[in-house]
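Features as listed in TrEMBL:
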{"type": "DOMAIN", "residues": "43-161", "note": "domain 'MTTase N-terminal'"}
{"type": "BINDING", "residues": "CYS52, CYS88, CYS122", "note": "[4Fe-4S] cluster 1 binding site"}
{"type": "DOMAIN", "residues": "184-414", "note": "domain 'Radical SAM core'"}
{"type": "BINDING", "residues": "CYS198, CYS202, CYS205", "note": "[4Fe-4S] cluster 2 binding site"}
{"type": "DOMAIN", "residues": "416-479", "note": "domain 'TRAM'"}
Amino acid sequence: MKTQPGWALPNLHEAQKRTQKEVTIEKSLFQIPSEVRTLGQGKKYYLRTYGCQANERDSETLAGILEELMFTPVEHPEQADLILLNTCAIRKNAEDKVLGEIGSLKRLKRSNPDLIFGLCGCMAQEEDVVQVLLEKYRHVNLIFGTHNLHRLPELLYEVMVGHKRSVEVLSKEGDVIENLPVRRFGKHKAWVNIMYGCDKFCTYCIVPYTRGKERSRAMADVLQEIRQLKQDGYKEITLLGQNVNSYGKDLHIEGGFAKLLEETAKIGIERIRFTTSHPWDFSDEMIDVIARYDNIMPFIHLPVQSGDDEILKIMGRRYTNAQYLTLFHKIKERMPECAISTDIIVGFPNESEGQFQHTLDLVKECQFDNAFTFIYSPREGTPAARMADSVSLEVKQRRLAELNACWNQYAHVKNEAYLGKVVKVLVDGASKKKANVWSGYTETNKLVNFTGEHVTAGDIVKVKITACKTFSLDGEQIL
Ligand code: SAH
Ligand code: SF4
Ligand code: F3S
């Protein structure tokens, strides 16, 4: 592969390094050079987001930057002068979807040779993916990673004015960059980053390599953003991090996440959510704060991954089946109404039938409200990807189906408990299919479709539940 001078390519070896270096918080890094300020005048951009909420929130920053450069958004790639795909690398099928999309959008470059085709996000942090893009997808002329969103103006300038292919992916650990522009996609619900990166290094997971070292935002910056959101009329915020429980450890913030949650609750925004919590460092103080404040929602996403101790150990999850169950029941004892969801991986290398059975047993005991279940996908560069695997894809698929049938059954039972009850729903919007039908979420994160008059998106309304399904509830508004 020929590389151009000035290109910065991802380097897996570098990405694996972690140092004790203090986190740098940069407040002045984002500046738009004067020659770039009108770069997007008369030009349209199309932005598509894959993956988790971290990417959703990054896309809001990308949109904010592009709109400061005077680009305007469009709904269809056919209308765009700039196509940007913000990608996810968590499993192979996530990547295949993106590569397929890049291939199918190539036709647009034929009819519009000036089209800028950009790829960013977690796939851009992967060495092998960038090699493939550079060699086989020559119509992609802009590639940048998760650590340098703030460099988008300069990189675009290189492509648009310098007529160069621009590639800049940093493999260093990453700083915290404040004061980036943002265009929020929602009017009533907002994402708030509280930390970036992940240092847990679960052996199957690519995120510590694509998102860099775990680093927290200063508490004052997070709280200021939330105060502003409240002033702007937002009803719900979700505090985001790969593992929110370890918030503040790097900055030696006393009280850590429990303290941040409490300070957030005191601001008085109606609904506070957070994701994701790793079971390993879920403190008693956190449970206490969640239970004490009505505006911290009684819903916790608590990924277990497996119910088998040996598999959990090889995964590097740092807890046992018994420790997970102890935490689960502690939460339920203090907050019986609290809904709990989870993530589970089946078919981790060499998982035996007996080990899979331990996962089913755990699901039967916990009766989760919701679960996200996956077949293990080997990720280049992670320790698990180097393990030999004796389990066939057929067996993995059968286990996934069995697991899904199992948790679905309990999710339905959980929903049945809502029949006849009155719940508070934050309205997302009107149904596209039926008049006077609205949808939104309960405090426990259940999707509700309900009939009602005089309803507006963003309202919190009372709804009586009249029917239940596995993945949603039906109801009618109570005045
Ligand atoms: N930080 C979160 C997880 C983020 S990734 C946490 O630890 O809870 C979301 C989910 O994707 C994980 O919980 C896991 O279930 C799944 N996942 C991650 N890597 C995977 C892989 N290589 N194959 C299959 N599923 C994976
Ligand atoms: Fe991945 Fe584990 Fe970090 Fe979650 S905690 S992002 S699963 S390494
Ligand atoms: Fe995907 Fe990156 Fe999120 S790999 S799940 S977009 S952190």
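Using the three backbone atoms N, Cα and C, a Cβ is placed for every residue, glycine included.
Shown here: features listed in TrEMBL, placed on the structure.
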{"residue": "CYS52", "record": "[4Fe-4S] cluster 1 binding site", "DSSP (3 states)": "coil"}
{"residue": "CYS88", "record": "[4Fe-4S] cluster 1 binding site", "DSSP (3 states)": "coil"}
{"residue": "CYS122", "record": "[4Fe-4S] cluster 1 binding site", "DSSP (3 states)": "helix"}
{"residue": "CYS198", "record": "[4Fe-4S] cluster 2 binding site", "DSSP (3 states)": "coil"}
{"residue": "CYS205", "record": "[4Fe-4S] cluster 2 binding site", "DSSP (3 states)": "coil"}
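Summarising the environment of CYS205 ([4Fe-4S] cluster 2 binding site), the number of other Cβ atoms within 10 Å of its Cβ, over all protein chains shown, is 21. Close contacts with ligand 1, defined as a Cβ under 6 Å from any of its atoms, occur at CYS205 among the binding-site residues CYS88, CYS122, CYS205. Between the CA atoms of CYS205 ([4Fe-4S] cluster 2 binding site) and CYS122 ([4Fe-4S] cluster 1 binding site) there is a gap of 12 Å, rounded to the nearest whole number. Between CYS198 ([4Fe-4S] cluster 2 binding site) and CYS122 ([4Fe-4S] cluster 1 binding site), the C-alpha separation comes to 13 Å. Counting neighbouring Cβ atoms within 10 Å of each of the binding-site residues (CYS52, CYS122, CYS198, CYS202), the lowest count belongs to CYS52. Averaged over the domain 'MTTase N-terminal' (43-161), the predicted model reaches a pLDDT of 95. Taking the mean position of the Cβ atoms of CYS52, CYS88, CYS122 as the [4Fe-4S] cluster 1 site, the remaining same-chain residues with a Cβ inside 8 Å of that point are TYR50, GLY51, ALA54, ASN55, THR87, ALA89, ILE90, ALA94, GLY121, VAL207, THR210. Ligand 2 lies under 6 Å from the Cβ of the following binding-site residues, listed in sequence order from CYS52, CYS88, CYS122, CYS198, CYS202, CYS205: CYS198, CYS202, CYS205. Among the binding-site residues CYS52, CYS88, CYS122, CYS198, CYS202, CYS205, the residues whose Cβ sits under 6 Å from any atom of ligand 3 are CYS52, CYS88, CYS122. Cβ neighbours within 10 Å of CYS88 ([4Fe-4S] cluster 1 binding site), excluding its own Cβ and spanning all shown chains: 22. For the domain 'TRAM' (416-479), the DSSP counts in helix, strand and coil order read 1 helix, 34 strand, 29 coil.
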